Amino acid sequence: MDNKISTYSPAFSIVSWIALVGGIVTYLLGLWNAEMQLNEKGYYFAVLVLGLFSAASYQKTVRDKYEGIPTTSIYYMTCLTVFIISVALLMVGLWNATLLLSEKGFYGLAFFLSLFGAVAVQKNIRDAGINPPKETQVTQEEYSE
């Protein structure tokens, strides 16, 4: 696979961070202001943390496989399974919650925005490491001479 072209875009990186932080803050503010028991808030918080970790870990595993970095199938399948479980837990929790439909949609959108942000930020961090900005490349070339 010689067609591994990864580009780093500062604009996309900034938007990714905004999506990640915005999704997490929105989700947590919704939990903070929600009129639900503390154990329910803990459930939704744990689902968010599980989803963020599994999404970033799954993206990294897929990227490692694409770049030819050895990964085990068991870890790949574990990441995928945990990601699916986190989404299913949120869906089941919202389905059974005594919330308004608009509140359920709010939590769902904030959750998926956070997952997108986590994957995009992780991708951008990795791309920045592979293709550093040109100023950094010039500096490294000067030191190697």
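Sequential numbering from 1, following the chain as shown.
Glycine is no exception: its Cβ is also placed from the backbone N, Cα and C atoms.
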Recorded membrane side (Swiss-Prot) equal for THR71 and ALA97: no
Selected stretch (most C-beta pairs under 8 A with the transmembrane segment (13-32)) from 42-59, 72-94, 99-121: 99-121
Contact set, same chain, for the transmembrane segment (72-94): CB under 8 Å, 6 or more residues outside the stretch: 43-44, 47, 50-51, 53-55, 57-58, 61-62, 65, 104, 107-108, 111
Sequence-remote partners of the topological domain 'Periplasmic' (95-98) [C-beta within less than 8 Å, at least six residues beyond its ends]: 36, 40, 104
